[in-house]
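Undergrad: Take a look at the following structure, please.
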Ligand code: GRF
């Protein structure tokens with residue numbers, strides 16, 4: 001199944017809240033026309049973050065919608081949807097975007113998110129910390145289709161990462177992020193070129209989706 005809008009190269013809107021290394025990996029991949037996608041805009045929920053600076057250096061339009069600038073969460077979410085819509089995305093990629101999106105937003109845009117743990121284990125804001133505290137020997141990263149829950153949506157791709165005995169949260173998260181970026185770039189490219197099919201919890205991407 002092609003992406004809903006089906007344009008080639010596929011149009012990505014990327015949402016960020018922080019350092020934007022996942023965004024950078026996508027920007028680098030999109031520099032190759034054979035990748036099949038391009039980042040048409042980058043949005044954030046806060047100003048002055050490296051993620052926005054990366055977009056600006058790449059000459060990509062940016063927008064910021066801070067929750068605090070709106071009277072209600074619904075107002076924020078609707079404004080975010082309006083600005084995202086302007087860029088006519090085939091796919092929205094939430095790459096380290098630390099806000100939950102409403103069902104209305106998710107009904108309008110096919111949205112993927114990355115999480116630094118192997119879902120359904122360790123959902124929420126502290127995936128690497130929770131994995132370390134639990135004492136697991138293998139954790140990783142998950143790319144999923146965002147649904148109304150917290151890191152609960154249908155799984156698109158996963159990558160395992162070993163936990164080392166001397167890991168602290170930062171070292172573990174950095175190693176997860178390296179694997180996460182490669183997984184994200186690979187999966188988004190396959191979706192851009194070959195489509196995505198979501199049937200209940202089962203997701204097929206690339207050639208398998210056609
Ligand atoms: C990633 O590990 C993402 O999964 C998590 O926050 C990190 C964002 O990193 N939610 P970056 O902003 O892409 O560098």
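Glycine residues also receive a Cβ, built from the backbone N, Cα and C atoms like all the rest.
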Undergrad: Out of 73, 86, 129, which one does TrEMBL list together with 98, 99, 100, 101, 113 for (6R)-10-formyltetrahydrofolate?
TA: 73
Undergrad: Quick one: pull the CA-CA distance for residue 113 ((6R)-10-formyltetrahydrofolate binding site) versus residue 151 (site 'Raises pKa of active site His'), whole Å only.
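TA: Their Cα atoms are separated by 8 Å.
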Undergrad: If I take the Cα of residue 100 ((6R)-10-formyltetrahydrofolate binding site) as reference, which of the recorded positions 22, 115, 151 has the closest Cα?
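TA: Closest recorded candidate to residue 100 ((6R)-10-formyltetrahydrofolate binding site) by Cα: 151.
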Undergrad: Among the binding-site residues listed here (21, 22, 113), identify the one with the smallest other-Cβ count within 10 Å.
TA: 21
